[in-house]
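Here's what TrEMBL has on this protein:
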- 32-434: domain 'Major facilitator superfamily (MFS) profile' (DOMAIN)
- 450-473: region 'Disordered' (REGION)
- 30-51: transmembrane segment (TRANSMEM)
- 72-94: transmembrane segment (TRANSMEM)
- 106-129: transmembrane segment (TRANSMEM)
- 164-182: transmembrane segment (TRANSMEM)
- 202-225: transmembrane segment (TRANSMEM)
- 256-275: transmembrane segment (TRANSMEM)
- 295-315: transmembrane segment (TRANSMEM)
- 322-341: transmembrane segment (TRANSMEM)
- 347-368: transmembrane segment (TRANSMEM)
- 380-402: transmembrane segment (TRANSMEM)
- 408-432: transmembrane segment (TRANSMEM)
């Protein structure tokens with residue numbers, strides 16, 4: 001039986017509609033697709049803004065609440081621990097229970113709730129309540145990222161997917177950048193204007209930050225309405241009985257998917273824990289003020305917010321995803337080595353890291369869409385983020401312990417080790433891909449020729465039954 005996929009909103013499946021002039025109100029029109037993209041980007045803005053609230057106020061958390069560095073990183077590790085399971089379950093629920101629209105709204109609501117509980121914990125000076133808030137926030141935030149990926153593939157696969165991933169990363173990192181710029185001044189303003197204990201000033205700042213999560217929830221509701229309308233007008237096909245997603249499907253995911261997943265883990269565990277601890281690192285090693293330390297610590301996100309869409313467009317035009325992934329990891333490794341072994345102006349290392357991070361996000365995540373059927377996309381992205389969160393939780397804890405016992409030099413060596421592992425896995429994937437059909441590192445022209453000359457892949461059609469080999473898309 002021919003595989004049934006959800007139709008991209010750039011396609012018009014009805015012959016009568018194809019014969020008529022498409023107006024700006026039609027879901028396939030560029031105007032509607034741009035609105036959908038804008039709402040997809042807004043969905044992630046709030047969670048990314050609030051994710052690094054602890055990083056922007058690291059020394060304030062430690063001083064106002066009398067925390068050690070190891071205790072401070074609980075605010076990151078307990079964000080990640082539940083998502084070792086929940087990202088996978090969240091993706092599965094999107095595919096099989098909630099659907100993408102309801103699932104996105106539910107997860108956005110959890111993000112709002114988690115941030116409010118987090119702020120309440122700071123107000124009560126209770127670390128365990130803050131951890132509970134971060135746990136709820138993490139369950140919603142990571143599953144929301146899975147939903148974002150699903151929306152991107154649903155609306156843009158086969159067209160501008162790499163660029164769309166770039167835009168999503170860019171806009172999310174605008175949230176992270178604004179967080180690092182405004183949270184310290186906001187905290188100081190509240191502290192000076194309201195006569196309350198410092199930890200309650202911290203709480204009020206966190207509560208104000210929760211308004212960005214409300215904005216994301218409103219965006220999820222608007223996008224759900226727009227996607228429902230698009231589904232009706234485009235007559236999207238729904239999965240048939242042979243495409244029901246089961247938990248056991250993961251056994252048949254191809255080996256290339258797992259290689260991509262572990263590259264994701266080793267790379268991002270050298271980025272997010274570093275940013276979480278970076279403020280104090282720059283204060284101590286380079287004698288920066290808190291504001292200056294936050295600025296340079298957020299440069300990776302500033303660069304990403306500016307460059308990610310353009311770099312995604314470059315990949316859309318050139319292909320060669322594995323080449324760009326390899327180059328990005330190498331650039332990040334060199335950046336960490338500069339920070340670890342030299343006193344060269346750290347802006348050089350951080351600018352390089354920001355460019356590398358932006359390129360990798362646009363080149364690496366779309367590889368999953370090349371090897372996994374669309375009806376299993378939520379599950380696949382959920383698994384990838386589940387494994388990533390396992391790595392982030394472990395590395396965050398280890399990083400805090402290393403800083404408390406041996407200092408920032410040793411934790412930088414630790415990050416270099418993780419990036420070396422990511423580089424090695426990328427070389428293995430590149431070699432393995434070149435020995436098969438090489439689709440992951442083809443140019444766009446080669447991929448288009450391949451698509452025009454082949455029928456749908458039997459391996460991909462029978463993924464649920466007997467495929468444990470390389471899957472062509």
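Here the Cβ of each residue, glycine as well, is placed from N, Cα and C on the backbone.
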- Against which stretches of its own chain does the transmembrane segment (164-182) lie, if we need a Cβ under 8 Å and a gap of at least six residues from its ends? 37, 40-42, 44-53, 55-56, 148-149, 152, 155-156, 209, 212, 294-295, 297-298, 301-302, 304-313, 315, 358, 361-362, 365-366
- Item | Tertiary contacts of the transmembrane segment (106-129), as residues 6+ beyond its ends and Cβ separation under 8 Å | 43, 46-47, 50, 53, 65, 67, 71, 74, 90, 98, 135-141, 143-144, 147, 197, 199-200, 202-204, 206-207, 209-210, 213-214, 216-217, 219-220
- Message: Could you tell me the mean pLDDT the prediction assigns to the domain 'Major facilitator superfamily (MFS) profile' (32-434)?
- Response: 86
- By Cβ distance under 8 Å, which residues at least 6 away from the ends of the transmembrane segment (72-94) in the same chain are close to it? 51, 54, 58, 61-62, 100, 103-104, 107, 127, 130-131, 134-135, 137-139, 141-143, 146-147, 150, 245, 247, 272-273, 276-277, 378-390, 392-394, 396-397, 399-400
- Message: Pairs of Cβ atoms less than 8 Å apart decide it: which stretch in 30-51, 256-275, 322-341, 408-432 has the most with the transmembrane segment (295-315)?
- Response: 256-275
- Quick tally over 256-275, 347-368, 408-432 of CB pairs under 8 Å to the transmembrane segment (322-341) gives the top stretch as 347-368
